[in-house]
Amino acid sequence: GWPAYPGPNGIRSSVCQTKLGCGKKNLATKGVCKAFCLGRKRFWQKCGKNGSSGKGSRICNPVLAHAVEKAGKGLIKVTDMAVAAIVKYAGKK
């Protein structure tokens, strides 16, 4: 299934950054963190609440959606590679 939509406020990059504590523990992660949050925002904007608004787009799949949200909750370590993938996908028209 599709993960719960964080809501219009929840997908905001600034809210995401605050939640993740971007750059608090390690300043080097701030850029990566910001990029991730922006990618996550674009992902949700593109795919909508349940992925239906992104029909025909390969990025709008439940696997990626869950990965984005797990990373966003800090359950998995956000690696530069994962972030790069999310940001790259999210940037695709």
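Placed from the backbone N, Cα and C atoms, the Cβ positions cover glycine too.
Under DSSP, Cys37 (disulfide bond) is assigned to a helix (H, G or I) in the three-state scheme. The disulfide bond feature in Swiss-Prot is assigned to Cys16-Cys37 (among others); the stated evidence is similarity to another entry.
Secondary structure at Cys22 (disulfide bond), taken from DSSP and collapsed to helix, strand or coil, is coil. Taken from Swiss-Prot, the feature disulfide bond covers Cys22-Cys33 (among others), and the record attributes it to similarity to another entry.
In the three-state DSSP reading, Cys47 (disulfide bond) counts as helix. A 10 Å cutoff on Cβ-Cβ distances gives Cys47 (disulfide bond) a total of 24 other Cβ atoms nearby, all chains included. For Cys47-Cys60 (among others), the entry in Swiss-Prot reads disulfide bond, with the evidence type similarity to another entry.
Neighbour list (Cys22 (disulfide bond), Cβ cut-off 8 Å, at least 6 residues apart, same chain): Thr29, Lys30, Cys33, Lys34, Cys37.
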